[in-house]
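Novice: Got these off TrEMBL a minute ago, pasting:
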{"type": "BINDING", "residues": "A:Cys111, A:Cys114, A:Cys153, A:Cys156", "note": "Zn(2+) binding site"}
{"type": "BINDING", "residues": "A:Glu128", "note": "Fe cation binding site"}
There are 2 protein chains.
Amino acid sequence: MNFLSDNTYYIVIIIEYGDNLMDVRDLLKQKGLRITPQREAIYRLLAASKAHPTAEWVYQEVKNIFPSISFNTVYKTVQAFEESGLLQRFNTGANIYHYDANVRPHPHVICLSCGRVDDLDEFPDSLEDFISKASMSSPYLIKLVNLHFYGYCPQCGDSNPKIKS
Amino acid sequence: MNFLSDNTYYIVIIIEYGDNLMDVRDLLKQKGLRITPQREAIYRLLAASKAHPTAEWVYQEVKNIFPSISFNTVYKTVQAFEESGLLQRFNTGANIYHYDANVRPHPHVICLSCGRVDDLDEFPDSLEDFISKASMSSPYLIKLVNLHFYGYCPQCGDSNPKIKS
DNA sequence: CTGCCTGCAAAGATTTTGCACGCTC
DNA sequence: GAGCGTGCAAAATCTTTGCAGGCAG
């Protein structure tokens, strides 16, 4: 087992590969994107995260696996992923882009205090209905919808006396 | 009448003052904001516009009235207005802030091609209902909602053959 | 007269681009 | 071998801040 102790971080990759190696590589291939270790890692990180990461966050995380990776690679990769429909990009209002591997339209809740972004899973209806309803009442040809709720997350709400009212 | 021809731009101000001079000044006073000619002009521009202007747009427009005004003044003014609740600020996803003198929550439609932002007036229900519905299905204490539809405006939809499909 | 507002300028924060080398196909 | 992907670095774009002088209250 001593080869493991020399390259501990390889263990993580191997475990993840065991789960769904084919899925990620096939996904990239389907979209006509070249398969590189960096791209696999970036997609895995985004697919596994529920935190709606920023490019900077992805960069910091993927550096644990590829210490020599550059921000540019991360940036161009998520850009390529978004153009291929593998990611969704949005902006909560702080002028920072967030990425989401869940590309179906779905609502988000954003904390006004700490800025974290969560999904709003229990929202009554699908947002696809919204798009068609809105299309009928607008001269625009509507394609997408972005529904952001702003408030205070449990942590910030509990710790901030101003909010308790 | 020769004093008018020397300072033509004053005419505009006088006409606008005739309409609702008291309203703007009272509004600023109510919010504890100092009344200056620059601030009056900035608020009037924003209140009169339906185009959801950016800070840069306001700056360019107000320069027609006060040629020596600085971007900083515009920036700090809209910031003060937003903090006082006189304006709403939002981001359509292009990392540029837009301002709206209509501070009630209301949906927007954004053109994916040219970036223009319009109100979606005919939307069925008030967004206040949405906030309370969402509050019930989230651990967040929800305060605001931002509903953005993306599509193609009539001009871009008509002129772009890719969209006609 | 005190303090906020204005104007000039610079600093910050993110996003975006250029280019040479290396790896995927 | 051809072309896309990666890595290093710099440029661009907007937003935000610092500070001295001026005007509103």
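A Cβ is built for glycine as well, from the same backbone N, Cα and C atoms used for every other residue.
It should be emphasised that the depicted structure is a prediction, and the values quoted were computed from it without experimental measurement.
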Novice: Sequence order please: the binding-site residues A:Cys111, A:Cys114, A:Glu128, A:Cys153 that have their Cβ under 8 Å from a chain B Cβ, otherwise just none.
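Specialist: Cβ contacts with B, in sequence order: A:Cys111, A:Cys153.
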Novice: About how far apart, in whole Å, are the alpha carbons (Cα) of A:Cys153 (Zn(2+) binding site) and A:Glu128 (Fe cation binding site)?
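Specialist: Taking the Cα atoms only, A:Cys153 (Zn(2+) binding site) lies 26 Å from A:Glu128 (Fe cation binding site).
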Novice: Here the binding-site residues are A:Cys153, A:Cys156; which one has the lowest number of other Cβ atoms no more than 10 Å from its Cβ?
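Specialist: Selected from the binding-site residues A:Cys153, A:Cys156 on minimum Cβ neighbours within 10 Å: A:Cys156.
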Novice: Report, in whole Å, the straight Cα-to-Cα distance of A:Glu128 (Fe cation binding site) from A:Cys114 (Zn(2+) binding site).
Specialist: 30
Novice: Just name the most isolated of the binding-site residues A:Cys111, A:Cys114, going by other Cβ atoms within 10 Å of its Cβ.
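Specialist: Ranked by other Cβ atoms within 10 Å, the binding-site residues A:Cys111, A:Cys114 bottom out at A:Cys114.
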Novice: Expressed to the nearest Å, what is the distance separating A:Cys111 (Zn(2+) binding site) and the residue listed as 'Fe cation binding site' at their Cα atoms?
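Specialist: Roughly 25 Å, rounded to the nearest whole number.
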Novice: Could you list the residues of the same chain, at least six apart in sequence, whose Cβ is under 8 A from the Cβ of the residue listed as 'Fe cation binding site'?
Specialist: A:Pro105
Novice: Under DSSP, is A:Cys111 (Zn(2+) binding site) part of a helix or a strand, or is it coil?
Specialist: strand
